[in-house]
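Copied over from TrEMBL:
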ACT_SITE  B:Lys204  active site, proton donor
BINDING   B:Gly10, B:Phe11, B:Gly12, B:Thr13, B:Val14, B:Gly15  NADP(+) binding site
BINDING   B:Lys104  NADPH binding site
BINDING   B:Glu189  L-homoserine binding site
DOMAIN    B:10-128  domain 'Aspartate/homoserine dehydrogenase NAD-binding'
DOMAIN    B:136-313  domain 'Homoserine dehydrogenase catalytic'
Protein chains: 2
Amino acid sequence: MATIKAAILGFGTVGQGIYHVVNEKRAQLKAKLGVELEIVKILVRDTKNERVPGTAALLTDSIEDVLAVDGLQVVFEAIVDEEPAFTYLKRAVEQRCHVITANKVMFAKRGMELQQLAKTKGVHVGYEATVAGGVPIIKTMKNILLVNDVSRIQGILNGTTNYMLTKMRQENWSYDEALAEAQRLGYAEADPYNDVSGQDAFKKIMVLCDLAFGEQPNWDDVDVIGINTLTTEQLEDAKAKGLRYRHVAEAEKLEDGTIVAKVAPQLVAPDHPLYPIDDVFNAVAMETNYIGTLTVTGPGAGMYPTASVMVEDYAEIIGKRAGFTVSI
Amino acid sequence: MATIKAAILGFGTVGQGIYHVVNEKRAQLKAKLGVELEIVKILVRDTKNERVPGTAALLTDSIEDVLAVDGLQVVFEAIVDEEPAFTYLKRAVEQRCHVITANKVMFAKRGMELQQLAKTKGVHVGYEATVAGGVPIIKTMKNILLVNDVSRIQGILNGTTNYMLTKMRQENWSYDEALAEAQRLGYAEADPYNDVSGQDAFKKIMVLCDLAFGEQPNWDDVDVIGINTLTTEQLEDAKAKGLRYRHVAEAEKLEDGTIVAKVAPQLVAPDHPLYPIDDVFNAVAMETNYIGTLTVTGPGAGMYPTASVMVEDYAEIIGKRAGFTVSI
């Protein structure tokens, strides 16, 4: 039986999750796809730190080592920041590897470029994990777009701030109390800037703009307002009125074709699709022309949700090939 | 450019919707898929009744006429009841047509058989429209199942009863008042039995059992309880406690591998994924091993939502082929 060789770039939470899912699901993937998936290299900074027992022999700190693997076909990428991630994936695509990424910072800026290049090379780019963790919003939207037009997207795309807003409402916690608890639970980083400022959600809504509209607005024209602007009085007032603050990332294609987007706390009423989404959940509501409004809700982060959608990207890519070899 | 010839069986609301969507999206589908889709025959009972202007020449009351079309490749089916729909689709598959159905009554009973046959013939069966109208639950679940296991499904799969329960709670209407209004709005049939008894939702959860678990429970072992058993006192009591009655179709794979299912009114609390789903909306919550609970929500019926997911089935089927010809 054929074996597909794959590498993982970055071996933090998500990278380790990919390794676990691939190994736990080895037999099932083989049975479904007719090929075996083997992780043959893992790119890390410190090869002396064997984070998962049994992986020492796979670790390397050199991208050259990774790309030199004979017959490498798939690269999973779970690094942060634009570089060197983009350069690594570009090189992988150039040598005709399928690439599967969880890197929203890189993908928001360079995703279209990477996809264009992949097209010319006849390989695929999986990026489900760049937006909303385990929520399969990319595949759902791709499918919808085969026939429907999407005119507007509204999402809760950051679980940390949604958790904080939920607790501030339910428990009357202050912003500082909610942040401290989010940090204690591991939802927020020691430096919570990317989450609370809206920058994280901003990158994700830009990825969705590329998919839904084929283009992004000029980044400088997008207002990105964090949840740290909300006062206790505003929250109390909302509660008294039966409304809820959500940290909403939204994008819309106007009648004249212009794309507008913003990230900001918004007051939503009980009939709004994002009203019931509490705690660390993510949700995306899409307005479409034929179907109406579709909402997808689920866990927006975490080792296993994020890693499993990346392995699903792999299965989808490989499954297409295998399916076709059989059916033509 | 190649043209794909397709037929529509049944020209009621959904059948007409397919015709409209195919024509409205002709250019877009052609651009995306590289082939044109042409409706060449429409099977109806009464060929004298031209329901959509310009279709008279396409109408036939003979399935022989339909299947005799030279080069027919796709059959859309939007009839009700098991027969003659199953026999027609079986014949279509035997002559290597892809089939796309909205017929839950037929598919709940004969779906596995039809899919098995299609596999041996190298064609595809699209059945997104059999469950939850415009909500893409079949594709979402298929994708999730590439890597995740689904252990439990809970759905609001009938928009009519969800509308009625919503109004009974919000407006304090009686069951009879809610039913009368649902009929006035066209949500409920003159004979509402299939909706209010739970039989409609039962068929849909059986289709989901086939997909999620590869098998259905014995139909005789499934309790199917309608909403007409609810008393005004129960509804008032629920409201006082901050709970809501939902008409829930659910299925679960137990530890020992047994599949159990039921359809019944259930009291749900605010943290339940089906709590916020009001009016004619449908929703399906899936419990998975890696991702956790995923919920998909949207319009569960209607000409355009249902027809558009059927045309998406077509685009997905044809797109795979076209994609492969190019990328190999």
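Just so you know, glycine gets a Cβ as well, placed from its N, Cα and C.
Given the structure is predicted, the values throughout are model-derived calculations rather than measurements.
Here the features listed in TrEMBL are placed on the structure.
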residue	record	contacts (Cβ under 8 Å, 6+ apart)
B:Gly10	NADP(+) binding site	B:Leu43, B:Val44, B:Glu77, B:Ala78, B:Ile79, B:Val80
B:Phe11	NADP(+) binding site	B:Tyr19, B:Ile42, B:Leu43, B:Val44, B:Arg51, B:Val52, B:Thr55, B:Leu59, B:Ala78
B:Gly12	NADP(+) binding site	B:Ala78
B:Thr13	NADP(+) binding site	B:Met303, B:Thr306
B:Val14	NADP(+) binding site	B:Ala78, B:Ala102, B:Ala129, B:Met303, B:Thr306, B:Ala307, B:Met310
B:Gly15	NADP(+) binding site	B:Ile8, B:Leu9, B:Ile42, B:Phe76, B:Ala78
B:Lys104	NADPH binding site	B:Thr130, B:Val131, B:Asp200, B:Lys203, B:Lys204, B:Val207
B:Glu189	L-homoserine binding site	B:Gln183, B:Asp195
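B:Lys104 (NADPH binding site) carries a helical DSSP state (H, G or I). Cβ neighbour count for B:Lys204 (active site, proton donor): 24 (other Cβ atoms within 10 Å of its Cβ, all protein chains included). Taking the mean position of the Cβ atoms of B:Gly10, B:Phe11, B:Gly12, B:Thr13, B:Val14, B:Gly15 as the NADP(+) site, the remaining same-chain residues with a Cβ inside 8 Å of that point are B:Ile8, B:Gln16, B:Gly17, B:Ile18, B:Ala78, B:Ile79. Across the domain 'Aspartate/homoserine dehydrogenase NAD-binding' (B:10-128), DSSP classifies residues as 57 helix, 22 strand, 40 coil.
The residue listed as 'active site, proton donor' falls within a helix when secondary structure is assigned with DSSP.
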